[in-house]
Every structure is written in structure tokens, then in C-alpha cells.
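These come from TrEMBL:
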DOMAIN    29-368  domain 'Acyltransferase 3'
TRANSMEM  53-71  transmembrane segment
TRANSMEM  102-121  transmembrane segment
TRANSMEM  173-191  transmembrane segment
TRANSMEM  198-216  transmembrane segment
TRANSMEM  257-277  transmembrane segment
TRANSMEM  283-301  transmembrane segment
TRANSMEM  322-343  transmembrane segment
TRANSMEM  349-368  transmembrane segment
TRANSMEM  388-407  transmembrane segment
DOMAIN    479-690  domain 'SGNH'
Amino acid sequence: MPRPASETKPATGTIATVTRSAERAWRPEIQGLRALALLLVAAYHFWFGRVSGGVDVFLLISAFLLTGSFARKIEQGKLVGPGTWSGVKTLVAYWVHVFKRLLPLASITVVLTLLGTYFFIPAERWLSIADEAKAVILYQHNNWSIENAVDYYAADTSLASPFRHFWSLSVQGQIYVLWPVLMVALALVLGKRIRGSARWALSGAFAALFVLSLSHSIEVTAANQQAAYFETEARLWEFALGSLVALWLPVLKLPPLVRAVLGWVGIAAIISCGFILDVNGTFPGYVALWPTLAASLVIIAGDTGTRFGPEKLLTAKPLLALGGFSYALYLVHWPILVFYLAQTHQQKAGFWAGLGLLLLSGVIAWALTQLVEKPLRDWALPNRSVAAGLLTGLICVGLALGPSYAWQSSIYRQAEQAEANRTLNNVGAAVLQPDYEYTGEEDAPVIPIRAVLDADWADLGTACTDVTPELAVPDSLVGDCTYVAYSPQPSRTIVAWGNSHMQMWMTAMRPLAQAQGWTVIALTRPGCFLGKTDNTAYASGFECDTWAADSAAFIQKLAPDTVLLQGTTSEPNLPDTPLLDAEIRIAELTGAGIQVLGLRDTPRMETMHKDCMDAFGTADDCVMSPGQDVTVNPLSSLEETYPGFAALNFSDLICPENSCPASIGNIYTYFDYDHITATYIETLGPYFDPRLLEALGKADASSQAHSHVVPAGSSPYEAVE
């Protein structure tokens, strides 16, 4: 991991002159601690597929070094001169100094990883990885991961991004900007008064950050742990703790024996963290106190001067040597692992493979350190001025951004070329017509091309709150409510309610709704059902249960004419089954005078078509069985029980004659196990439209005595409180 702050020999002062450990500008035991943490991170990645807590140790160390360096300069009056401009110059000089050391290796790693992605990662993931690379080099990868709903704990590492480990470097990069601003601002505001009280002033600021961030981390981890793992705000307290250790370490006067015991306790806690704690379900939150407090104990122990102190381990030559290229090793070990697993189709590396990968990573990391990092660090030109250093950093950023943008542009260009004769060559569901005769090219490309296949999602439209703020969407649903189609005076208002399996049908719904003058609201959340399910592919947790309840209440208040809901769930090679709460939802809605259309779930494949094509070559070789009769909707039996309800099924258009081809009419059908491409659904209009209209007619006919119709010319939002 990076060595962020220059560690200069402190002059006599309050912050760093009390204990023997603090007096030393070079603390080899911290270098060894960094190496130990890195070994844990790599080992857990290669062999256990778990979080070790080692990254949290890195975060604390970086704040400890950074704060110690700045605090000494504050007390010596060397951080800033009089005036705001002095503070600005200090900040710019520091940022240039830090990032000109971090960016060269990061940039080289990005370029090499993009190259490896081309050779070792399936084409449908290229576009996302190229986009991710831009966030990596701009130190925004953690935010990119949140926006793209990355799951750090996903069990199958072969499907992970080769850039996933960059999240922590992005958080560190953001702290290297924020922490100096905070300390320089305090120095400017307090002026000379801070020189004798730097510890107290800075401690107050960092203690407040610690309390606020830890409280937030606990709260957000419980609510959305997947996002909390990457969130900077949920990690600030770890840096604040490292800063507090740096500020108060000099005044701690502990006997060598006590410090030795504390050090060994800290090392034991760091090593055992990943084994003992359920880090996969609880990090960061309060659980991250374990590795950070443990690292604090090791730092406090320092050089005990005893024969059995922890520094004997931490200053061993192998660990110190490893610490010398730990940053490069952290950068390269993860993409090497991902490339190996992607090629071998394994979820984890075995012992011997993992050992070989670790050794290979070490060799590459050492070479990059010797050939790139050290020469650039010792090169006189970037060190001559702030401008020269800034130019070096900008060149590194450009070196990574250039290939990323170029690759994305090339992919989009290829996609456009493949669709140049789409009307003639890529007809999709039109070939299902009994009398259809294909007149296109014999060797026409199948679209979307593999490189954009994973991005072929339905467009859900515009957020409800952007179109009709008066709709009063609950805060818990703001991000889930969109207008697929909107009419100020709709002839019918429909709510499409479900998860991503409902979302994908909005591609076909939009043109029909616009032609009919309907308003269609999509109320969807990926991964969540409308109620409980036995489907092992989904975990119905607190978040989904809360969403289902909140959205049900919102629909009742909205009182639309019709609700289109996903009422069944599918699993590979098993019959489609109704959701456990499907009938309850149908009864609630029809009882309130709202028509309901119950959509049969999409057949789920045991193996992805694209994996089959990677193994056997072409789409024609990858026709799969759904393991069920796709023409049957288990909800059909409820039509007689609930007036206003009608069952709806499109699965036979995806798996005609109970077989599921990889492509139909030169258009890919599935882009993963269970989602249909928007490009194929676009061609389903001649089938989708009459079936949906027929189902609406059936629901209308069966609910005439109970219908709840919004009169033409009135607003569907009058029912909303």
C-alpha cells in the first residue's frame, strides 16, 4: 500500500518527542506491519475468499503517518505562513508530492489490467471494466462501486472485476485531499495559537469525526451493508482513529513490558480477525474496530527494546523487504487472481495454484517497483518544482484514461457497425411467425455484440419525482419509482411492480403505452420480490421486506387502474411456482378495486448461454431446455377466484417450443442466467401488445361490478395523500 506522507526527523516539540518510538523518523515495525497486513489480504483473497481486515490496517497506518507529519509541522510553525494563499500553496505542494508517487504505478497497473482483460475476460464485461478504469485513476472507484451496486462479498471471484481492490486506494486518495485541508484550515484559523495546542485542537476535530462517522457506519452497515463497505463517510472514523493515535502516542508512557504485551495482542488480533469475525456480513460498522484497534496497539507498542517484543517479528528482513514493494503487490495481486479464475472457471484458487499466483504477483510487483516506482521517485525532473510534479501526475492520469476512452469508443463503434443492417438481418421474434421467410445475409452478425451484451438493459425512463413532484413518493421508494410513459390525462394508469424481471419488459411496454395514451409507472427494485419466496437465488432480507411493504402501501394510496406484477418465480429445471405472498397481494389489490395482471417469471437457465458459446463456439450450439412447460402460468387458476385479475405469460416467446436458444432472429435472447436483452424484447411488439390488451380486457370484463376507473380527464394522483 502507499506510503503517503514523508517521514522527516522531528525536531524538538510537543507532538513527537516524548517516547522513544515517536522520536524515530523511520519506524521499521510499521513497514513490517504494513507487509503483514498485505500478506493477510492476499492470503484471504487467494485461498479463503473472505475479508481479512488487513485493508483496515492500511487505512489506519496511512492516517497515522499523515497526521503525525502535519502535526509536527504545525507545532514547529512550518506548515503555513500568514495568509490563505500560504495554505493553498502548502496543500497543492503536498498533493503533488503524494500523487506523483502514487499515480505512476497505479497508471501502469490500469493499462496492464486493461490489456489482461482483453485476453482473459469475456467480451461482454469489457465495456464495464473500461468504464471502471476511469473511476480507478480518478480515485473515485469506491463511489463507482456504490453506483453500480458492486458486491464485494460475492462468492465467485472469477466474475469479479480485476479493479475491485482499488476501492480502498480511492478512499485513501480522498483522505489525502480531505485530511490536509482540515489541518491546514485549523492552522490558518488558529494561527500562532495552535502551535502549543496542536494536539488538543486536532484531537477535537478528529474525535468528532470518529464519533460521527462510526455512528453513521453502524447505521448504514445495518441498512445497506453492500454500499457501506465502499462508502468514504462510513470509513472516516478509521482514519480518525489513526490520527488520534498519532497525536497522543508521544505522551503515552508505558513500560516496555506492557508495550510488548500490547503489541503481541494486536498482532494476534489482526491475524485472527478474518477467522473469528463474520466480516462478510458486518463490515465496516463497529466490527471494524477489531482490526483498527489491533493495529493501534501494535503502533503504540513500537520498539519495546525487549528480547521478545513484537518488533522482532515485524522487523524481520523478509517482512521489511516485502514492505518495500507492498504497494505494487497490492495493485497486481488481485487482477492476476481474477484472470486466473476467469480462465479456469473456478471460484477460488487451490493451495498450490494460490501459492504460485502469490509468487508470480510478488515477482511482478518487485519488478514494477524497481523499474517504475524507484526510478521515477529518484528522477530529478519531477522533483524540481510543483509544476513539474503536477505535469508528471497529469501524464500518468492521461496514460490510463486514454486507453479506457479509446477502448469504449471502439466497442461502441463495433456495435453500431454490427447493427448497420439491423432491419434486414436482425429481425428477432419476427422469425416466430409461421409464414416468415428470412431474406437477410447468411453470415449476418448476432446483436448486440458480446462486448455490449451485459449493458443491454431496459430503460426505465424518468424518475417520478422529476416529472410530478406532487406524487409524494415515499423517501424509501424515490430511487425505485420511474415513469416508463407519462400522459397528463391518461386513459389508463398502470403500475409495473416487481424486480429486474419486471424492469426488462418495460422496453415493450413503453411504445404500447404511448400509443394508447397510458401512464405507466415502474416501481422496481432489483433482487426484491413482492413478498416471501422459496427461490434460493434470492435472499429476502430486511431491505426487500421493507420495500415490498412500502411499495404496497404506496400503490394503495395511488389507486391506479391496473397493477402489473411478477407473481411467480423460476429456478433452473423446476416448474414455475407462485410467490408465497402472490395471492395475498392479488387479493389486496383487487379488493381495493384495482385490476391486477399476474406475470409469469422468465425461465432461468442453469448455465449462461454466453458461457456455453465460450465453450462450444456459436449460438446455434447453445439451445437449452427450460426444464418446464413455459406455456403454463401457475397464476391462471386465480382468475376465477379474484374478479379483476388476469394471468399473463410471454415465456414461450423466449423459449419457443420449450427450448431456449441463445439467439432468435440473429438477436441474443439472454444476457445472463435469467434476464432478456432489451434488443430482443424490442422485437416482441406484435406478440406483447395483443396479449397485454387481451389480459386487460379479461380483467375489465371480470371486474365490471368492482372496477375502479379514473375518469378521463382527471388526475391519477388525487388519491395520493
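A Cβ is built for glycine as well, from the same backbone N, Cα and C atoms used for every other residue.
TrEMBL entries are annotated by machine, without manual review.
At the 8 Å Cβ cutoff, the transmembrane segment (283-301) and the transmembrane segment (102-121) share fewer than 3 close pairs (sequence separation 6 or more) and do not count as touching. Here the transmembrane segment (173-191) has long-range neighbours at 4, 59, 62-63, 66-67, 70-71, 74, 79-80, 82, 84, 86-87, 90-91, 94-95, 98-99, 102, 139, 142, 197, 201-202, 205, 232, 236, 239, 243, meaning same-chain residues at least 6 beyond its ends whose C-beta is under 8 angstroms from one of its own. Over the domain 'SGNH' (479-690), the average per-residue pLDDT in this prediction is 89.
Against the transmembrane segment (388-407), the recorded stretches 53-71, 102-121, 198-216, 257-277, 322-343 differ in Cβ pairs under 8 Å, and the greatest number is found for 102-121.
Contact counts against the transmembrane segment (322-343), taken as Cβ pairs under 8 Å, peak for 102-121 among the stretches 53-71, 102-121, 198-216. Long-range Cβ contacts of the transmembrane segment (53-71) within its own chain (Cβ-Cβ under 8 Å, at least 6 residues beyond either end) map to 1-8, 15-16, 30, 33-34, 36-41, 44, 79, 168, 171-172, 175-176, 179-180, 183, 198-199, 202, 206, 235, 238-243, 245-247, 270, 273-274, 277, 279, 284, 288, 290-292, 294-296, 299. Within its own chain, the transmembrane segment (198-216) is flanked in space by residues 14-15, 67, 71, 74-75, 182-183, 186, 190, 233-237, 240-241, 243-244, 247-248, 251, 286, which lie at least six positions past its ends and keep a Cβ under 8 Å from the stretch.
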